[in-house]
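These features come from TrEMBL:
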- A:30-50: transmembrane segment (TRANSMEM)
- A:56-78: transmembrane segment (TRANSMEM)
- A:90-110: transmembrane segment (TRANSMEM)
- A:116-137: transmembrane segment (TRANSMEM)
- A:144-162: transmembrane segment (TRANSMEM)
- A:174-204: transmembrane segment (TRANSMEM)
- A:233-258: transmembrane segment (TRANSMEM)
- A:264-282: transmembrane segment (TRANSMEM)
- A:289-308: transmembrane segment (TRANSMEM)
- A:314-334: transmembrane segment (TRANSMEM)
Amino acid sequence: MSTTPSTASPASPAIRNRSAVAMAGRIRDLALLPALIVLIVVGALVSPAFLTQANITTILTSCAALAMVVLAESLIIITGKFDLSLESTAGFAPAIGALIVLPVASNGFGLELPTIVGLLVVLAIGAIIGFINGFLIVRLQLNAFIVTLAMLIILRGMLVGATKGRTLFDLPDAFYALMIVTFLGIPLAVWLAALAFLIAGIVLKYHRLGRALYAIGGNPEAARAAGIRVERVIWGVYILGGVLAAVGGLFITGYVGAISANQGNGMIFTVFAAAVIGGISLDGGKGTMFGALTGVLLLGVVQNLLTLAQVPSFWIQAIYGTIILGALMVARLTSGAPQT
Amino acid sequence: MTELPSGAAPPIVEAIGISKRYGPTIALADARLTVLPGESHALVGRNGAGKSTLVGILTGLRASDTGEVRFSGEPAPLISDREGWRQRVACVYQHSTIIPDLTVAENLFINRQPTERGFISWSTLRRKARELLDRWNVAVPEDMRAGDLRVEARQLVEIARALSYGARFIILDEPTAQLDGEEIKRLFVRIRELQAAGVTFLFISHHLQEVYEICQTVTVLRDARHIVTAPVADLPKDRLIEAMTGENVHLGVADAAGRVRDENAPVALTVEKLAGDDFADVSFTIRRGEVVGLSGSTSSGRVGVAEAIAGLGRFSAGAVRIGDKPLPSGDVPAALALGVGCVPKSRHKEGLVLSMPIADNTMMTVSHKLGPFGFIPPAKRSTLAHEAIRSLGVVTQGPDQLVSGLSGGNQQKVVMGRALANAPSVLVLMDPTAGVDVKSKEALLGVVERMRQEGKAILVVSSEVEDLRTCDRVLVMRHGSIVAEHKAGWTDNALVASIEGIEAQ
């Protein structure tokens, strides 16, 4: 109860060193950089193509969708909750948006609504899924893990049902625009993901809402006693998470050039891996957007390297998993803090 | 150095020349402790004096850098030999080490359940648990869910478990912190009985009165060093406090008796016929610049009333008005907006986010009005945090230090800072000095006095005589309603008797 060594005696003013405290916090954010640098050096040695501008653009493009969903999941985890259903949202939302736009001949519903309506519906579906998750978790106080697991299965089933298992081609160009339109040679999707991370990072650090997420994740009772509307904020984060995942889904659609019935399938494991390697604590209340972003980039670089190194595709999964474990250990060693 | 006159029993525990450093911080420097068998020995010191570190070393949870620990004259077991330590010493912490969802019986024999042919024999387990509880006279059903035990019964179960390992030396870490008067009395009776049965206790407490009540010998630590060990009879209270603080002081808290107050100051808080889960028909008012105590035993409903005023709890009937504005039920943001500041009952539960820095914790109540559109400008954050740290005297490395790294007294100051950040007109302070050392207590009560002079209306909800001394009047609750009012100038005995419900009438 009483003695905390670091403040044990007023007789040690030498430790009144604020930069040391600040550094300790920053080291956890930077824990992944050594691993990332090692991978980049290895990549440069393995393949001369690795450090070319084209390849870097490829890496960034390929992880834009993952980045959006990791961003959504990180916000939810920091608030002390879970959302497994984000991967289904990333598949379901764009598919419904496409189905109401496409004619029957292209496997659509035949409503043939304007494209802009379809795109708005994509975002709205994400928000509605988040709203329902929030309702079940916040209002009915059901367990977040199981609620979103059930939601994952439901949405996966509804996607297969709505598309009858078929892949949707011939979408309006607007569905691919985020990947096709480029700025400075880099697709809009990448810029959008970067912007989203930047805004999230600033809000988390400098806005009361961001600080409220940490407070709720750290101790919801104390947050409530300090006047934070805990339920409302959690609910809002679920809705925001749903919208971000839907945007991530649009990225996938643009990247692939179609919507298959299993779009997003299995993605959630990678999402959690990226967030945790990036220092987002599964206990809630800890982690930064910078950390999460390094987690995403690390996984993106690994994927790219495995492809460049011409690893047989049958083995890619096994190696990918091993590298995730390795990255976790490196992050644990460099930060010195236990991961939770 | 352990040469003893022949015939005398060796000390049950003896720690000599113990030093321990954590990086640049010296937690213990050449500390020593000798506890004789059969005595109850008090270990006192301010927060940060090194008590917890010493307890950690005595229980084998951490190794000391220098020095040695001996049990009954034998060297202590190796740190890795948990079983060996468990047979010699046990500590009952403030935080329960009981697993709430298992039965009492299973908790007693956790990880050493009696087996038959490799399977756990539940009947034997229950029988052995019953035998153990009966042997030490612990009146708790062995098949009860451990989480349903009262704090006091839980402590006795933990003591019985320690005794069953063979330990006859038990460390009690603030055993009375969560108990009310009646429960403390019962616990002390049991401690005396166990002492008579040959159990030795090391008793850690912030309540010096309890030290005099239950202990024969006291050891004082200060700034990581051993200061004195003496029979309690030879160390009167002022000398004990002097040994703890290193200064010749008595608790420098402003006593409300003899204070001149403006009787016509405007009313800041009106509570009218307030009713809720565990209180009913509670009415009182507090004027600006007035400090009112709300006391009573733990189950008297005082916390319910306080939480209703702070918006933390709901009320079902009656009204609370801040100035002349009515307060909605159970709405913290509304209470904050009306100018109610609150130190909640438990700093760990509702008071602090331990994983966040001091700055964020103190600013949590006002974060919406620090900058444009809810943004918190770093410069302003830093200024405000430094201001709070300075005015409350928080001992810290800076505003970015995580609250989890602060001592109890300093954590409580941060909670106080959070309550004051909103510049409230009404302050509700629940057990504002619970579990903090003498110096911090003085600092915290000093803040109360300063806030009173600034003209805030203050409600101190506590059963601590020292907290209540600063109040102009003390309302005493029992079974959910106010039963007595004591104007400043009461005697300790009269007030305590009133709180405990034993006043002569």
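Keep in mind that glycine also has a Cβ here, set from the backbone N, Cα and C atoms.
Heads up, TrEMBL stuff is auto-annotated, nobody curated it.
Quantities reported herein were computed from a predicted structural model and do not represent experimental measurements.
At the 8 Å Cβ threshold, with sequence separation of at least 6, the transmembrane segment (A:30-50) comes into contact with the transmembrane segment (A:289-308) through 3 or more pairs. Sequence-remote contacts of a segment are chain residues at least 6 beyond its ends whose Cβ falls under 8 Å from one of its Cβ atoms, and for the transmembrane segment (A:289-308) they are 28-29, 31-33, 35-36, 39-40, 42-43, 46-47, 49-50, 55, 58-60, 62-63, 66-67, 70-71, 74, 197, 200-201, 204, 270, 273-280, 316, 319-320, 323-324, 327. Counting C-beta pairs under 8 angstroms (sequence separation of 6 or more), the transmembrane segment (A:90-110) reaches the transmembrane segment (A:233-258) with 3 or more such pairs.
Listed as Cβ neighbours of the transmembrane segment (A:144-162) (distance under 8 Å, sequence separation of 6 or more from its ends, same chain) are residues 81-89, 91-92, 95-96, 99, 129, 132-133, 136-137, 261-263, 265, 268. Ranking A:56-78, A:174-204, A:233-258, A:264-282 by CB pairs under 8 A with the transmembrane segment (A:116-137) puts A:233-258 at the top.
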